[in-house]
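If you check TrEMBL, you get these features:
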- 379-653: domain 'G-protein coupled receptors family 3 profile' (DOMAIN)
- 379-399: transmembrane segment (TRANSMEM)
- 419-439: transmembrane segment (TRANSMEM)
- 445-464: transmembrane segment (TRANSMEM)
- 543-564: transmembrane segment (TRANSMEM)
- 576-598: transmembrane segment (TRANSMEM)
- 618-640: transmembrane segment (TRANSMEM)
């Protein structure tokens, strides 16, 4: 019965037994074997009293329904109790709910299921495997009142079997028919061999074989009972009975195991209702030390071959672990493996390696997809578009300056410093492409070099210019002698000295931490593993990035300070005010950059936002410098060439005196053509330092 329940996949069952040795010992054996084998849990073990009170069977059904998942009910009960249990289930309208598994006391009997076929439908019962003994049929059919007088009950059987009465002393009352004695079993009455005849015969033969062997061993051929067997010890005889081994009446071997049990040979029946509403027991399998059952032959509700379930908990889905209910190994709660956990076994979830995430079924782990900033992404297209416009504009300015290299405006702008500054502006635009390119060792190396280099070129040149203007006017307040290191060569040396500091820092960084790529799985490690991504990036931390830009920012702040100091210099004489406006605007851009860059450090879109913010900030800084410092000059060169002519010569003393009288010169500067003398001071200072003998210097001398 345990094998049947296991084959059905029913791991949660109840037991029901009639009070007494048969029922209680049967349930006890079932429970013990199910525990030894495992996989079957007992929901309830109920007992039917010997003398049940009214309503007792209804209470039993209600108690069975308390564990409604345990639909299978294992029954070790007598016929009458089985019939009343089925009747109570019928009254409770539970037809089709319970899955009855009956012992051999139910077997293939009709009496328990009469008029309650529907509620008994699908019941599985067992019966010891038996065979009809033909010799017994011949013998029993030949018995009559004349040749079977030794059986004192045979006369009563005769009356009952033929429905007649044997004379005045007959036992059958109320029958007018008299027995003639000529009746014949099987001819004048129905006859079917009792199913246990085989076992009775085998039991008698087992005793006979045991006594025969015992006599042979103890009496050594002595006829009849020898003195040694006159007082038989029961335990000694039992050992001989257990040792017998012969072919029984059905041709099957008769042996006993260590427990004294004969080999189990059972037929398995199922009570089925056919399509014609005919109910019958059908053989669906057999058991001979091992279960053989035809699942296809089974039927449950009329015509339904689907196997019903009797389980405490349904199997967990993939990706879920079982959490066993304490004390009931067949009952569990299913808990889904959440987050980055996968189902490692039936009862446990484990965390995937850091670079992996659970697969769709959560039965294993798979690599987290690796992403990078793609060229077609909107986060890349916008800064690339701005950079391309900036590169075109910068290239146009450079080409214009080269073509008109010897014109007064280009010379007055300080050609050498202008080219340095334009180089820095070009690099600020170009770094966008390196920041978006697929990271590898080469790209990461170029990022380190050029990330801060463009700004360093720009602000080193602007700082040198503003410092030169500041020194000129400070010197002019004290004497008419020109300050030192204001020639173009000196300015280039100062500028490249400032730039070299940035390069030295980058090369030290290369030596301490060689450039390489990493995959950052933490940046986009979202709560939902489906959205998790690994970000391919250069191994540049936020701190390293700030350090790389820090020197350029220091140059920018210093340049802004000098721009503030020279704000009082008349616009007509120098570039201080355009440089000042450039630096103020640049400072605002970078002040906005800092909170955006660091405020998105925890965002899932961090890579996109920070890269886009950085590249656009660099491009805007370059655009401000290009627009305020060079576009006005290019405009005059292209559209107003008549203003691009040399002006009269002025002495250093006259220029400084004029600069200190800004109020007067403002009106005068307004009367002069736009752009004529914006950079006249720079022009004059360069030529004064190159020749101390010349009091007035022209643009042509500056070219030399």
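Cβ atoms are placed via backbone N, Cα and C, with glycine included.
TrEMBL labels come from automatic prediction, so no person has curated them.
Per-residue pLDDT, averaged along the domain 'G-protein coupled receptors family 3 profile' (379-653), amounts to 83 for this model. Sequence-distant contacts of the transmembrane segment (419-439), counting only residues of its own chain at least 6 positions beyond either end whose CB sits under 8 Å from a CB of the stretch, comprise 372-373, 375, 380, 383-384, 386-387, 390-391, 394-395, 397-398, 401, 446-447, 450-451, 453-462, 492, 495, 517, 536-538, 611, 614-615, 618-619, 621-622, 625-626, 629-630. When each of 379-399, 576-598, 618-640 is scored by its Cβ pairs under 8 Å to the transmembrane segment (445-464), the top-ranked stretch turns out to be 618-640.
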